[in-house]
Amino acid sequence: MEERRPHLDARPRNSHTNHRGPVDGELPPRARNQANNPPANALRGGASHPGRHPRANNHPAAYWQREERFRAMGRNPHQGRRNQEGHASDEARDQRHDQENDTRWRNGNQDCRNRRPPWSNDNFQQWRTPHQKPTEQPQQAKKLGYKFLESLLQKDPSEVVITLATSLGLKELLSHSSMKSNFLELICQVLRKACSSKMDRQSVLHVLGILKNSKFLKVCLPAYVVGMITEPIPDIRNQYPEHISNIISLLQDLVSVFPASSVQETSMLVSLLPTSLNALRASGVDIEEETEKNLEKVQTIIEHLQEKRREGTLRVDTYTLVQPEAEDHVESYRTMPIYPTYNEVHLDERPFLRPNIISGKYDSTAIYLDTHFRLLREDFVRPLREGILELLQSFEDQGLRKRKFDDIRIYFDTRIITPMCSSSGIVYKVQFDTKPLKFVRWQNSKRLLYGSLVCMSKDNFETFLFATVSNREQEDLCRGIVQLCFNEQSQQLLAEVQPSDSFLMVETTAYFEAYRHVLEGLQEVQEEDVPFQRNIVECNSHVKEPRYLLMGGRYDFTPLIENPSATGEFLRNVEGLRHPRINVLDPGQWPSKEALKLDDSQMEALQFALTRELAIIQGPPGTGKTYVGLKIVQALLTNESVWQISLQKFPILVVCYTNHALDQFLEGIYNCQKTSIVRVGGRSNSEILKQFTLRELRNKREFRRNLPMHLRRAYMSIMTQMKESEQELHEGAKTLECTMRGVLREQYLQKYISPQHWESLMNGPVQDSEWICFQHWKHSMMLEWLGLGVGSFTQSVSPAGPENTAQAEGDEEEEGEEESSLIEIAEEADLIQADRVIEEEEVVRPQRRKKEESGADQELAKMLLAMRLDHCGTGTAAGQEQATGEWQTQRNQKKKMKKRVKDELRKLNTMTAAEANEIEDVWQLDLSSRWQLYRLWLQLYQADTRRKILSYERQYRTSAERMAELRLQEDLHILKDAQVVGMTTTGAAKYRQILQKVEPRIVIVEEAAEVLEAHTIATLSKACQHLILIGDHQQLRPSANVYDLAKNFNLEVSLFERLVKVNIPFVRLNYQHRMCPEIARLLTPHIYQDLENHPSVLKYEKIKGVSSNLFFVEHNFPEQEIQEGKSHQNQHEAHFVVELCKYFLCQEYLPSQITILTTYTGQLFCLRKLMPAKTFAGVRVHVVDKYQGEENDIILLSLVRSNQEGKVGFLQISNRICVALSRAKKGMYCIGNMQMLAKVPLWSKIIHTLRENNQIGPMLRLCCQNHPETHTLVSKASDFQKVPEGGCSLPCEFRLGCGHVCTRACHPYDSSHKEFQCMKPCQKVICQEGHRCPLVCFQECQPCQVKVPKTIPRCGHEQMVPCSVPESDFCCQEPCSKSLRCGHRCSHPCGEDCVQLCSEMVTIKLKCGHSQPVKCGHVEGLLYGGLLVKCTTKCGTILDCGHPCPGSCHSCFEGRFHERCQQPCKRLLICSHKCQEPCIGECPPCQRTCQNRCVHSQCKKKCGELCSPCVEPCVWRCQHYQCTKLCSEPCNRPPCYVPCTKLLVCGHPCIGLCGEPCPKKCRICHMDEVTQIFFGFEDEPDARFVQLEDCSHIFEVQALDRYMNEQKDDEVAIRLKVCPICQVPIRKNLRYGTSIKQRLEEIEIIKEKIQGSAGEIATSQERLKALLERKSLLHQLLPEDFLMLKEKLAQKNLSVKDLGLVENYISFYDHLASLWDSLKKMHVLEEKRVRTRLEQVHEWLAKKRLSFTSQELSDLRSEIQRLTYLVNLLTRYKIAEKKVKDSIAVEVYSVQNILEKTCKFTQEDEQLVQEKMEALKATLPCSGLGISEEERVQIVSAIGYPRGHWFKCRNGHIYVIGDCGGAMERGTCPDCKEVIGGTNHTLERSNQLASEMDGAQHAAWSDTANNLMNFEEIQGMM
């Protein structure tokens, strides 16, 4: 074998070639063909030394990236990556090769800089690995060498498979098509070992998945198997059977995991194996029988799979292999599916079940395991099966949604919305209809608890999906949302599920997750691995001592002895011992019970537990089960060396049923063991134990650091994959979710809308100017189309802030306030969930990340949705601009809109694609059809999004499952290092695989009688040598779902109880340390035969305020049934118990000393409603079942049940009675219908005992502590009014310190009255005048406030002043007599300072020239302080349209910007309709429906749109002529003048013409009408007439012909001819068709010019886009306006008018931006005033408009011109301010006054300003140089440089660059110390050319200058 081992570097021995084998990212075919083919033996060598891709390895980027990556990890980049843990020597070799390659690159490839790098190749991106972004480098595969694979054989299978799964080199290794035999054999060995790992299933799947698709399986292995036949060397042939066994094992694993996708490759290999085996056998090689059996098994499986493949039933890898049936034809429980099958649901198959044997032994361990597996599975399957069958039979019932089912809960219209990433994998957000569930109180409901199983189907359960509840948030449930995790089989079907698919979901109440883990554990455990079979299965009553005691171990009990003197006595009693260790099997050597602080039975239990391998300890209530259990653990931990007999640690496993019990037990252990504890279970309430939870231990830095390297590498690798997948998946999932939260914007659906429908949608009916309003460009056409736009409901997009939420949720807030004022009660749902959820599995995201995700989701919704249901608004910018209230809807309108959209989105009916294709105009559809079409588009969008994220979903799920297995490996390391591992039964079920690895030798089960036997068995491993069960089977039993299984099949009998019943030895604790004797009497002898009282309970004090420590109050008030949860409540009992609790609180008992128990959840919340937190905070309220193991001083018990039918429910169960009656220490008071309960035998005995001791009756006797002789009887809540303060009805009569008597009734609390507040009047004299205090007695007396007359010294007025206030301190209230500066009288009182601002109204003249009343005090501010007053005077200016301006002086900006004219336009449009818009100068296109029509059809477009010409043949024909043109073309026939020969209805001849429609008038019958003169020829006897079809008027034909054909020279307007009588346009008339068509053609030409051709519009649109991009100042200073213009230009279907509007906006906004930019050159005060003016212009410009009117353009241009002059003037003045003479300053001020006038800037003003500015140019500088123009010219001339040498720094200081003008060095500005100049002819970025100095357009040294020079210099050269 050694001779055949390949050379380590896989190269020829004497070769030094640098060739490396292929890696993951193989070369493209073209590159591969160009490469040199490596020698065959190089590939056969298998594993060349690890390295990167040959190309990637030889360029500097790969090297430096590697260096940087290693430095970032804090390691030397030249160190080997895997030599930290002392791995095999091949890793050091890897390091050397890496270093050699790096050195080789540095020394031998220096010329690579001059070569083209590989990433510059066009084909380089083809090398990317799947799902890798183009910018990322492919991760390089580290090759797996021979030595490395050999080292893996020495390691644990788990480490092997994790290492292979996370290595990129595995795929490369298995990709070779040939390799040496010994290398192939080693690979098979390693793969077989990897696949043997049981805890790493996902890693095994990953490795097998690579193997399945590899050349290793398809080529290498078949060649190897065939080669066995011809192998000549005997030694090698003898080793083949072992290798064949490895291959068969791999094949078996492959077909079991991938039955569908691997059957072809494996079948070929299997067909070759028999031939090779026969050849080997023939050559004398011994073939083991097991190998042949395994091969036969694989052959059988493959034959079965091939048959199924031919049948077409083998399609996916989730196919379940059929196992052969057992001899008795009963399916083996090991192959039974955990989930229900189709046959179980539909065929109602009766399952094969055996009862749990509780009175004898089992025949075998196999039957024992089978029995418990089937019973446990049936316990959760039966309710689901029977519920679904009942549901299927009820589908035709009309009241199905209201019907209640016994076994299941139903959720209608359930939809799988979106996948979500969680730590456990992929979960799905599912939404169901909440309408039938309005009555559900989710915070208490047991619906949809964590771990509950749901079944979903959309085809009446012909197919179904299974899932479990993975997360339950109350807020989400109220909205019908829950998160589900689907099982593996269902996940395969989810790819085809869309968010629009509607399912029926049913829920079974069982905690399925616990069932699943236990059932899987029972299937996996082998019969021989079940411990204690002699006792558990065979029921042998002889129990041996633990095996580890047979080694002679001795115990030290001194740590258990608390008293030092007792320790000494114990040591003296143990004669001959030099140390305190004893033989525990010898009872005589044990310390005394007094020394150990134990009673007799506890001592017996301790001895029994430590000396028997199976110890059962029964502990009745209060007997100290936990105390004894802790003593046992302390003894075991102290003597760990006795049972830890190997180097490997084996912790003690403690299992408890509830989290509370686990906390109690572990806290007790902590008192004697401060370290090495691990807690696994639900969230702990213990601060002490939080440090020992798995989550905390995992997060410790030391733990991470000490983890094996292969786990750390795997963690990083998988985490990276998860993050990448999560990022992509999250975005897609949130997109899917958004589709159900509102209406999508149309642009996101465009891809799924046909072009015809898109054009129709976007060119929809424009009936309101707001549709195309400039400010509503972001408005959604989709909303309008769906009837949700401004035409139907006004849009409100203000977020659901406090002001909106308060209105919308007023009722909820009130309810919330009421809830918050009540005491906190642990919700039953929360309690159940707390025991189900393992804390380590809870996902706790940082609050910061939650906020970030929420913000990102909000942004995504804002981007995608035109209307959001959560905001009930559009979510558009347009909507937000209207948040001032203009578009606010009423609250009920919002609700209607929200409900309407929500209902439509949840509907299932959609339009089919065929139906959609038949639609031409989507606006012609009714609203219902529109929503159907929208849902079709939405489904296409959702399906596409779902497809995109599907691959990421699969990647994340696989990675998460591998990560979960990795976590288990981490947890395994934690648990193995512990001394004590504490688990709940749920935790033990979930961590069963780890427990099998941890192999705890000692298992202690607390509350063992409450645990199902199957759960206990699944917790045990074959390594268990000592099992201690502690519990009490006479208290609560395990809970089963199915009553039949619990009672008739004994499923509810725990292992604890069964072993007791079959006479396995056990010890019962006999002394109770909890209850006073009166209470204990109820349990003995009725429940426990000989339960004795410990002396400590005889010392309890009596309960205050009552005559007895124990009393049962009888009543017969009926109960009430609660609809949800099948619970009950009793209002009478609730009120009584609450009042009794309040009474005990008055006896000065602490709230923590009182517990209220009830037997039903419904009563729990009935009680809560009666208990305000202010009074009852601290009182605990529980249901009995959740209080086992607890105790309190006083227990108040409400039994609830009281009905005429005598149904007592589970009050007849002795176990529950035991728990209920044994929780009290000192006092217990119960209320119930004892007459009904007496029918139960046990209750009858208890009631008899109570009656014997006078402790039962209709009334409870209360005893007053202050008046012992006074008793009060209470039977109902109202009776407690007799003792309002907890004493009696007598008055208190206690004399208080103030002298008054206590006014309360007798009260036992606050006997010294320190807290009492006397409420009687005080009446103390508090001043010299004899006035008395008006306050109540307990309040502190205040200064006298009685008013008396006093004279105020400052003014002499007499005032009524409070007695205690001195006259000098009082403010006189007489009116002030002083006059203000303005002359008006002061309005303040005399004692106050005079007013600063006079409030008298005076009329003043404003700056605008108008007079207006203002407050007198504001006048000065108006004149000098800049105070503004809005002038309300009507403007009245005659606008350009001729109408008076409707605005006010203020709204028109003092005449500078007039408001739009609001008069109706009423001008005739080209289509002959009157304009319906306000008078705005330029009429918009007509929005009416077009009335053009012909005989074939009518135009359906808007009147202002281009009509489509009719292409039907013209129908104008008669017997003389016929037109041969198309209907829309001018006719090619003349009019016919032959009289019509037809007769009218009246019998007279027609008066019309041949071929024309006959007029309806008769010359004889309607003579007056026909001969009425209009044109002048109507009364001629042979006159012929034509009737107009548009208005039915008739005219003489010759006159009408002339009228229709005449062309008047003065006719300017182009419009249709109209009826001479009624003026109706003539549109349809065949005789005058040519004339009409000519007019219509002219009108169409005008329409086209108005709208513009598509080419012109596109050209203009691109021109404006380019123009806008050049406006850098606009982009910088007005970014929102820039973005708005950019978005508008990006829209489709813009008209010429739209583009004209945009062009105007660009121009005006650009001017504004330039002016804004110039503000920095002014004085601060001037800047503020000009900025205000600019903001006014910007505000006016931002108003919504379709176009600018001529008036607006005039006003705007004039104002911008004024501001331009003003800015120019003020800038010049600022620049030369210090050098300006007084005369020039006066001139500047005069120009400024003209420019700052409030009225409009006229042409006269402009001319005057121009003249003055020309005069000022010579003396004021034109730029920021601070010098005059003359001085600038002189300086430039003196320096003498050509243009382009002058520059300025960041702050505008000028400097010059000599020589060529290009910057070659940096310097410092002497004025501001900023950087100036530059390097390499490149100017510093903060500097720029100072064109204001010499007029240069570019620098002297620049590309532009070098190519073109400065333009003027070129001109000079010419």
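The backbone N, Cα and C atoms fix where each Cβ goes, and this holds for glycine too.
Looking at 615-633, 976-994, 1546-1564, the stretch flagged in Swiss-Prot as zinc finger turns out to be 1546-1564.
Residues of the same chain lying 6 or more positions beyond the ends of the zinc finger (1298-1320) and with a Cβ under 8 Å from any Cβ of it are 1104-1105, 1146-1148, 1264-1267, 1283-1292, 1336-1338. Long-range contacts of the zinc finger (1546-1564) within the same chain, counting only residues at least 6 positions beyond its ends with a Cβ under 8 Å from a Cβ of the stretch, are 1516-1521, 1535-1540, 1570-1571, 1583-1587, 1589, 1592, 1594, 1597, 1630-1631. Take the binding-site residues C1849, C1869, C1872: by the count of other Cβ atoms within 10 Å of each Cβ, the lowest one is C1872. Take the CB of H1853 (Zn(2+) binding site) and look out to 10 A: across all protein chains shown you find 15 other CB atoms. When the zinc finger (1546-1564) is classified with DSSP, helix, strand and coil residues number 0 helix, 2 strand, 17 coil. Classification of H1853 (Zn(2+) binding site) by DSSP places it in coil, neither helical nor stranded. Helix, strand and coil residue tallies for the zinc finger (1298-1320), in that order: 0 helix, 2 strand, 21 coil [DSSP].
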